[in-house]
Amino acid sequence: MNAVTAGAHALRHDWTLAEVQALFALPFNDLLFQAQTVHRAHFDPNEVQVSTLLSIKTGACPEDCKYCPQSARYHTGLEAERLMEVEKVLERAREAKANGSSRFCMGAAWRNPKEKDMPYILRMIEEVRGLGMETCMTLGMLTADQAARLGAAGLDYYNHNLDTSPEFYGDIITTRTYQDRLDTLAYVRGAGMKVCSGGIVGMGEQAKDRAGLLMALANLPRHPESVPINMLVKVKGTPLENQENLDPFEFIRTIAVARIMMPASHVRLSAGREKMNEQMQAMCFMAGANSIFYGCKLLTTPNPDENSDMQLFKRLGIRPAQRAQKPDQVQEEELLAEVSRQSEPAEMFYDATRPRAGAARS
């Protein structure tokens with residue numbers, strides 16, 4: 001069984017660099033055909049999940065990520081803002097839902113959340129979920145306790161990107177380690193949340209680094225449920241402002257290989273989309289991208305406006321995905337209840353969500 005066939009039929013966590021590089025080296029049409037075949041085996045090919053991203057705390061970040069205009073180390077003209085008030089966040093969430101978004105993502109330019117801000121963060125999660133939307137946050141590094149509190153508040157997804165390969169990482173960021181990022185992802189998993197993790201291409205990395213990034217993501221104990229693939233947005237004042245553009249076909253290849261390696265994950269066409277023409281975006285959807293950020297801004301960088309996105313969707317026959325009417329936990333509880341009701345004898349089944357008499361509590 002070759003790498004492509006294995007990727008189409010199984011979730012693998014043992015990819016080698018040689019296998020990933022072999023996928024990247026496929027003729028372009030063959031690669032897209034393989035990616036689309038895998039995509040159709042796991043998803044409706046004409047449905048795209050739509051998220052809205054809001055910066056709830058902007059700028060003055062102490063980290064030194066060379067691509068980021070929110071770093072306090074670079075002079076980008078970005079005005080720092082304090083944590084947004086909860087009601088203002090809810091106003092934006094209501095607008096996002098009305099415009100067709102099923103998930104609301106909230107990002108804060110922090111190294112890690114401070115204790116004084118946690119009550120407001122937790123309330124944002126609870127209130128946005130109350131609107132019937134999925135929730136996602138990106139707040140920097142987390143402790144195990146912080147992850148547990150976010151999970152208990154009902155956070156659906158936590159975003160924490162690996163950014164690039166372990167080998168190239170030190171050329172881009174020095175203020176936190178690759179292992180720091182992996183630790184945060186482990187805490188998120190341990191708290192029962194879904195993982196959103198991807199990276200940025202076009203930062204001057206080599207082809208083997210794009211392969212290494214996808215290998216690091218696919219070889220996690222569980223694949224991220226959402227894998228954002230970002231094209232570098234070059235911002236004046238950052239160290240990467242004059243970086244050469246990545247070949248568009250190489251970006252599309254990265255989308256396709258991500259789809260093959262992580263067949264059941266949503267692959268998000270993320271930052272940099274504002275610079276892509278409609279034909280390139282359509283090819284990304286053909287390559288297996290099935291999620292986008294919707295709205296005129298991603299944190300602090302431009303994004304196509306809502307009308308142009310919906311017009312493109314209409315021309316391509318693409319539908320925005322709808323959120324499941326009931327959360328996974330509710331569906332699971334109802335299924336268990338139905339199984340228990342129909343079982344004979346009833347003692348053969350029990351509701352795993354309820355403690356059993358005499359059972360030890362964890």
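Yeah, the Cβs are placed from backbone N, Cα and C, and that goes for glycine too.
CYS61 ([4Fe-4S] cluster binding site) falls within a strand when secondary structure is assigned with DSSP. According to Swiss-Prot, the [4Fe-4S] cluster binding site annotation covers CYS61, CYS65, CYS68, on the basis of sequence analysis.
The [2Fe-2S] cluster binding site feature in Swiss-Prot is assigned to CYS105, CYS136, CYS196, ARG268. According to DSSP, CYS136 ([2Fe-2S] cluster binding site) is assigned to a strand segment.
Residues or ranges marked as domain 'Radical SAM core' by Swiss-Prot on the basis of sequence analysis: 46-273.
Among the features that Swiss-Prot reports, region 'Disordered' is placed at 320-339.
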CYS61 ([4Fe-4S] cluster binding site) versus CYS136 ([2Fe-2S] cluster binding site) - Cα distance in angstrom: 20
Cβ packing number for CYS61 ([4Fe-4S] cluster binding site), 10 Å threshold: 22
Proximal but sequence-remote residues of the same chain as CYS68 ([4Fe-4S] cluster binding site) (Cβ under 8 Å, at least 6 apart): CYS61, TYR74, VAL235, THR238
Beyond the site residues CYS61, CYS65, CYS68: chain residues whose C-beta lies within 8 Å of the centroid, for [4Fe-4S] cluster: GLU63, ASP64, TYR67, PRO69, GLN70, SER71, ALA109
PLDDT averaged over every residue in the domain 'Radical SAM core' (46-273): 90
